[in-house]
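Peer 1: In case it's useful when we look at the structure, here is the feature table from TrEMBL:
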type	residues	note
COILED	5-39	coiled coil
DOMAIN	101-163	domain 'TATA element modulatory factor 1 TATA binding'
COILED	102-164	coiled coil
Amino acid sequence: MREENVTLSHECSTLRNTLKELMNENETLKTSLAEARTAERAQAVVETSAHVLTSKDLNHSPSDSFDNFPLNNSPIAPFSFAPPQNSISPQQEMSLKRLAYLENEAMRCTQLEEQIRKLEKSLKVLTTQYNELLEVDGERLERIEELEHDVTDLRQLLKDQVSLS
């Protein structure tokens, strides 16, 4: 019983540590995912603004004072800090899969914690019953000892009566 309690306590401690680690990793992945989404939005904004600038350059008015300057119609390259679109998608997929896995692990850990709580309650009840049984057994042993002393006293009284008669 005590070995089971020690084992369950150790397992509970291990599960709590694992849960803390998984929750920290989950937060890190959420942050990474948010950063990747922000970077993707920034790239989309840059591409949109580049497209708008290019279309404005193409649609200049004849009264424009810069008519004499050559017009550069080449597309504007996106900022270099934004990662390419195709490298974000697999990373996002991996992050989402990892996030789903971590959520499942967190749910499993929550279920295990609930099971541990139930087992701890059961252990407490069993310990209480065990202690009560020990107490009852101790009282029974005391009664037996008292009865044995009474029997010994009665024998002695009988011997004394027989010897007096």
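For all residues, glycine too, the Cβ spot is worked out from N, Cα and C.
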Peer 1: Give me the DSSP three-state residue breakdown of the domain 'TATA element modulatory factor 1 TATA binding' (101-163), ordered helix, strand, coil.
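Peer 2: Once the DSSP states are binned, the domain 'TATA element modulatory factor 1 TATA binding' (101-163) shows 63 helix, 0 strand, 0 coil.
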Peer 1: Sequence-remote contacts (6 or more beyond its ends) of the coiled coil (5-39), Cβ cut-off under 8 Å?
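Peer 2: Here the qualifying positions are 81-83, 88, 91-92, 95-96, 98-99, 102-103, 105-106, 109, 112-113, 116, 119-120, 123.
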Peer 1: If you average pLDDT over the domain 'TATA element modulatory factor 1 TATA binding' (101-163), what do you get?
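Peer 2: Summarising the domain 'TATA element modulatory factor 1 TATA binding' (101-163) by its mean pLDDT gives 94.
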